[in-house]
Amino acid sequence: MLSEALLVSAPGKVILHGEHAVVHGKVALAAALNLRTFLLLRPQSNGKVSVNLPNIGIKQVWDVGMLQRLDTSFLEQGDVSVPTLEQLEKLKKMGDLPRDRAGNEGMALLAFLYLYLAICRKQRTLPSLDMVVWSELPPGAGLGSSAAYSVCLAAALLTACEEVSNPLKDGVSVSRWPEEDLKSINKWAFEGERVIHGNPSGVDNAVSTWGGALRFQQGTMSSLKSLPSLQILLTNTKVPRSTKALVAAVRSRLTKFPEIVAPLLTSIDAISLECERVLGEMVAAPVPEQYLVLEELIDMNQHHLNALGVGHNSLDQLCQVTAAHGLHSKLTGAGGGGCGITLLKPGLEQATVEAAKQALTSCGFDCWETSIGAPGVSTHSAAAVGDPVRQALGL
C-alpha cells in the first residue's frame, strides 16, 4: 500500500485534423498537448479520504469507515466494471455527494469515488488518502481536461494499491509505466470518462495515457510512430458551444446536400493523411518546405470546417489576427467557438509571437505558447515540477 507521496501528471489533447469528419468514418489525428494535469496523492492515518480540486473550488472529505460500509456489490472483483446510470445515482446518494455540486464539478467527485472504490476494493481495508489535483488545462474547452483527470486518478490509485508498479526509482526525476501497466491505466481511465461523459470515444484518455499522437478511424486507434517537435499557440476564444449540437448540424447538412458535403469530408480525410505523411517525413530532418505544407493544410482544413458550418466569428477573428502576423490557424475540436491552434515554425521571431499573443488577448481570448507530442501519463519527483505546480499542490 502507498507509504509515501505519489505525484503523477497527464497531458491534454488537441485535434490536429479530422474533427467532424471522424464521425463519418474518416481519419482524425490527435496529439498530446504539453499542458498537464497534476495529481498529488499522500497516505493518511486519520481514517479520512480527502479530495481537493482548487481549480474548480471543490474540497470533499469522506470517512473511510463510512465508505467501507457502502454496498459496492456492483463492482465485480477483478474486472474493469462498466458503471450504469442507476449504479452511479446510487453511488451519489451513498457517497453523500453535496447536492449543490452539479455538472462537471459533481462528476469529478463521482469519478473519484467510483474509481477509488472499484480499484481499492481488493484491499482488506480501504486506504486513507489525501488527494490534490491541479491543472494547467482550462475545463470545458475541448482540450481533454476530464480525460487527463481520469488518467491521473487511474494511475495514482492503481499504483497506490499496487495493481501496477511505481516506475519512479531513487535519483530519477520523471518516469513512465511499462506498456502493460499503461493499458490497465487506460482501461480504468476510460471508466472514469464514462462516469463524467456517459459515452466517450476513448480518444482523449488514450492520448493522455500514451502521449505523442494518435490516428483514429472508425473506433480503431494507432500511435504515430514518432512525431517531430511542433510548437503551437493555443487560443481559447472562451465562446461556449455544444459538441452534440455541432455534430448534429454537420449530419443534417450532409443529409441535405450529400453531393456537396460528402466530398468535403473526403477532402478533410485527405488533409489528415497528407499531414500524417509529412509529419512522418519530418522526424528525421525537417526542412522549411515541410512547415509550409503544414501551414497550407491548416488553412485548407479551416476553410473546409467553415463550409461544414462549424466555424464561428470568434474563430474567424483568431485566424485573421494571426494571419496579420504571418501565422496560420485553425479551430481544434468541435468548433463553434472553443479553441484554435496556430503553428509556430522554427526561426520565428519571438517578437512576432508576442505581438500575436497581445493582439489575441486584446480580443478577450486566452493564449498559451506550448508544444504538441507531449509524453503521456508520468510520475515525478517533487523537484521535477515547476514552482507554480508545487505551490498549487502544497509541496
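Just so it is clear, glycine is given a Cβ too, placed from its N, Cα and C backbone atoms.
According to Swiss-Prot, the ATP binding site annotation covers K13, N55, N104, S135, G140, A141, G142, L143, G144, S145, S146, on the basis of similarity to another entry. According to DSSP, G140 (ATP binding site) is assigned to coil rather than to any helix or strand.
Residues or ranges marked as active site, proton donor in Swiss-Prot: S146. S146 (ATP binding site) carries a helical DSSP state (H, G or I).
Secondary structure from DSSP puts E193 (Mg(2+) binding site) in a helix. Residues or ranges marked as Mg(2+) binding site by Swiss-Prot on the basis of similarity to another entry: S146, E193.
The feature active site, proton acceptor is assigned by Swiss-Prot to D204. Within the same chain, the residues at least 6 positions away from D204 (active site, proton acceptor) whose Cβ sits under 8 Å from its Cβ are K13, A30, G144, S146, A147, E193, listed in sequence order. D204 (active site, proton acceptor) carries a helical DSSP state (H, G or I).
Taking every protein chain shown into account, G140, S146 are the binding-site residues, and of these the Cβ with the most other Cβ atoms within 10 Å belongs to S146. With respect to Cβ neighbours within 10 Å, the binding-site residues K13, G142, E193 differ, and G142 shows the lowest count. Counting every protein chain shown, the number of other Cβ atoms lying within 10 Å of the Cβ of G144 (ATP binding site) is 29.
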